[in-house]
Every structure is written in structure tokens, then in C-alpha cells.
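**Student:** Okay, handing you the structure first.
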């Protein structure tokens, strides 16, 4: 069953689990740092990694109360509704990212409400005047769209017409891809050590 916003963790304790990326980075491998710290379109980054199309599977789209933690992060008064959207970003039907976006209902742009199977990032990153807050991370047990990730990051985007809290949970299948990246880099380094390139010839001036 897909959890509604009522099922999401709403305890104030959850708020203290979020840490700035710069603080959490000491726990992260270089690959995790690059992925979690990337500030461009995550959908585009995934497509580049898998060399194929990324599909959006919608799990929830509705007006509902945000969690206490989400309302605080958006400075949203209590009992105000938000537009909640939960999706997974998938390649070949394998979920790589579970994402949850929260937009105050009174600020909801028509384009966001009608996104459908389009990635939110396509709309966000097409606007040069959109700003983004610092990225925060948690490894707290946080479920999005029925999936539990290894790390979840969040940040607030500010568009001239709205604020959006975007939370992205990095799933085990994506971690496997990162592991493959690490193995490929390691093998490449070992190969270059076994077969070093000859030094370039020194060209003398005529």
C-alpha cells in the first residue's frame, strides 16, 4: 500500500536527523558525495549514467497536510494544506530514486499540478530564476512512495511563484550502479599502472 502523507514520520525528532551535506560528507565515499551533492537535474544525471531513458512512476498526487517537519522547513502555518507528489524515477522498471515534493497549496503552479509522468526537474531547471537552498541529508529510516533508501536528501527550491520542498531517497539499485562505477575506476587505475603510457617525446625547437 502506498503511504499517504499521514503515514510519513511527523515527529519533531525527525527534524534533528537532518544534517548539512558538508557535515555528513565525512561519512560518504567520493561517489556518494558526488551524487548527493549534485545540484543539477537528478533525472538528467541518472539518464547519463544508465545511457537510457528514465521514466517517472506516480505513486501519489493529492492535497494533504504536510508532515510537521515539512511544514517547518517551508515555514508553513499549521493546518495549511500542501500539494504532495510521490514518484519513483526508474530505468527498465527498476526504481533508482524515490522522490517526494511538497508545495504549499496556495502557491501551486498549474504546471506542477499537471506534470503527470514528467519529471519535476524538467520544469524546475528550465527556470534560471529558481534558487535552491543548501542540501541536507539523513540516513534516518524514511519511506517515500513505499521505498526506503540508503540516504535521503532534501532542499527547498524557490520559484517566483512558489516554494517547493524536494526530498529524494537514493535506493539500493542506484547504490549498485555506484559500486559498478567504483569497480570500473579501480580497474582502470590498475590497468594504467600495469601498462603505463610511454612519456611523450620532447620536441626540440628547430
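Keep in mind that glycine also has a Cβ here, set from the backbone N, Cα and C atoms.
Positions annotated as substrate binding site by TrEMBL: 85, 120, 168. Residues or ranges marked as compositional bias 'Basic and acidic residues' in TrEMBL: 183-194. The region 'Disordered' feature in TrEMBL is assigned to 183-206.
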**Student:** So what sits near residue 85 (substrate binding site) in its own chain, CB-to-CB under 8 Å and at least six residues off in sequence?
**Tutor:** 58, 60, 61, 99, 100, 101, 103, 112, 115, 120
**Student:** Compute all pairwise C-alpha distances among 85, 120, 168, the residues listed as binding substrate, and give the largest one in whole angstrom.
**Tutor:** 12
**Student:** Can you tell me the three-state DSSP label for residue 120 (substrate binding site)?
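**Tutor:** The residue in question, residue 120 (substrate binding site), is helix (DSSP, three-state).
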**Student:** Any same-chain residues 6+ apart from residue 168 (substrate binding site) with CB under 8 Å of its CB? Would you list them in sequence order, or say none?
**Tutor:** 42, 97, 98, 99, 152, 153, 154
**Student:** For substrate, what surrounds 85, 120, 168 with a Cβ no more than 8 Å from their Cβ centroid?
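**Tutor:** In sequence order, the nearby non-listed residues are 86, 87, 99, 100, 101, 119, 121, 166, 167.
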**Student:** Around residue 120 (substrate binding site), how many other C-beta atoms are within 10 angstroms of its C-beta?
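**Tutor:** Total other Cβ atoms inside 10 Å, all chains included: 22.
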